[in-house]
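To start, the structure itself, in structure tokens.
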Amino acid sequence: MQSTSGEGKQFYKSKSWFGRLIGNTIYQKTLRIYFLTILIGSVFLYLPFSHRSPDPSKFNFFDAFFTAISAFTNTGLSSHTTSSTFNFFGQLVLLILIQAGGIGFLTIVIFLWAILRKKRKITVEHRLFLHWERGSYNKVESLPSVKTGIIVLLIAELIGAIILFFYFLIVEPDNPNKSNTNDGKYETVNTRGDFFGSLWMGVFHAVSSANNAGFDILGSHSIIPYRTDAKNLLSVVLWLESIVGGIGYPVFHDVWYFYKKKKRGEVAHFSLFTKIGISTYIFIAVLGAWLGVISEVSFAGTQGIFKARSISDGDFGWGKNETANKIWNIIYLTFSSRSSGFSPIDTSELAETTKWLLSILMFIGASPASTGGGIRTITIFIIFARMFYTAIGKKHLSVFYKTIDQSIVYEACNVFVLSTILVVGSIFFLVLAGNHNSVGDSFFESTSAFGTAGLTIGITKKSNFLGRIVLMFLMFVGQLGVSNAVLSITDLKPKSKNQEYCSENLRIV
């Protein structure tokens, strides 16, 4: 990845005090810039003028740091309810962190630099940053790919904000069955008829959903108060927004390039990245939704959301079309688990098999070069395709009349193995952290952090210092990607000569 140009050499061999401070490789520089951004965001979130309550004991700096990492990595896990903890300014800081993490902080800085200094071109250094952060499958296409991706994302956010503004202006959330209306446990934010309140709700949730962040300012129940009948329009909008952010920047550029060539009457075709990315994305979404519904229906008599239960204090209803609403919301939840993180269902009500299914979906995550996390869809496709090709005796992996380079297969295997080790190790530490965390619940929370999904089983709020550290590390690695995270903390340089020794066979089974 090292450039042979003068600019590239200067970039990699910077001798200035600033260069030594933030690292010599692109990965190390980016990691340190990210950390500095999160630290600044943490300070703003910690300061009293960001809070609804001036009592500092309710929200310490460690809570602020955890929230800032969660926002910047587009996760959504939080130790406190966002709407009751932060005032408008605090929520604005959160939104800036979400947008910076979604588009890419360095991407935003580079484009602003290019716009404000029109005579300056984007340098080799900048192109390397763009490629590493949100780039395409090759360096040449990274700049136009990022430009197209940002335009599409911002348009989606604008459209989503307008739709959600009118939605929150008109629609009133459901209220839980409760006897004590003063109990903060049942807080639900209602902006019906409030122009500016609805406008802010629309903007915040459009940006949060498009960036697959999962943060909401609806109260302590996420989108549960909007899960009945026509109110399900909210989850539909959030679903469409999260697709835009989760399918990958290169896909939009590829589609736009395909359209332009077709319009000129030229031969056009989609790249292998787009073909695999879209097909895998859709396949996992459909399979996950089908398995989720099957899981809940199969345990209708004993557990899950279809289990017959009396409406108790604090429960939300399911509306007039109860069965249809339950089916749609479990379908949406399986999709949201891919990285979005908005939950129309209390996860404690789900069947155990559904929780494990969601954990697997969160582990897989969204597409590469997107606002989502996890091992990514391309990785899981290559893993299963390689297994299938090995089973039928084929040496090379060929898909859509293209052969995937062996180095890419090796990288996918490394990502899968390292990610599995990371999540399993995290489960151990979360169980060790106490609070009677079960293995299943720890697996759910670990994959939620690693997949930057933001769904929670309740461990985040009750976690101690060790548990929070584990979750923060998972969120950071999940957003960066395992390969990039490894390169960020090492200083690996290619050797001038590759030594090869005599081979010897081993028996595997």
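Glycine is treated like the rest: Cβ placed from N, Cα and C.
Feature annotations, courtesy of TrEMBL:
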- 31-49: transmembrane segment (TRANSMEM)
- 92-116: transmembrane segment (TRANSMEM)
- 149-170: transmembrane segment (TRANSMEM)
- 233-252: transmembrane segment (TRANSMEM)
- 272-293: transmembrane segment (TRANSMEM)
- 356-389: transmembrane segment (TRANSMEM)
- 409-433: transmembrane segment (TRANSMEM)
- 465-487: transmembrane segment (TRANSMEM)
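Beyond its flanks by at least six residues, the transmembrane segment (31-49) meets 21-23, 56, 59-61, 63-65, 67-69, 71-72, 86-87, 89-90, 93-94, 96-97, 100, 105-106, 476, 480, 488-489 of its own chain at Cβ-Cβ distances under 8 Å. Residues 25, 27, 31, 34, 62, 65-66, 69-70, 72-75, 77, 79, 101, 132, 365, 368, 373-376, 411, 414-415, 418-419, 422-423, 426, 429-430, 432-433, 435, 437, 445-446, 449-452, 459 of the same chain lie 6 or more positions beyond the ends of the transmembrane segment (465-487) yet place their CB under 8 Å from a CB of it. A Cβ distance under 8 Å defines the sequence-distant neighbours of the transmembrane segment (92-116), meaning residues of its chain 6+ beyond its ends; these are 30, 33-34, 37-38, 41, 44-45, 50, 67-68, 71-74, 82, 86, 122, 126, 129-130, 133-134, 146-147, 150, 153, 203-204, 207-208, 210-213, 215, 245, 371, 479.
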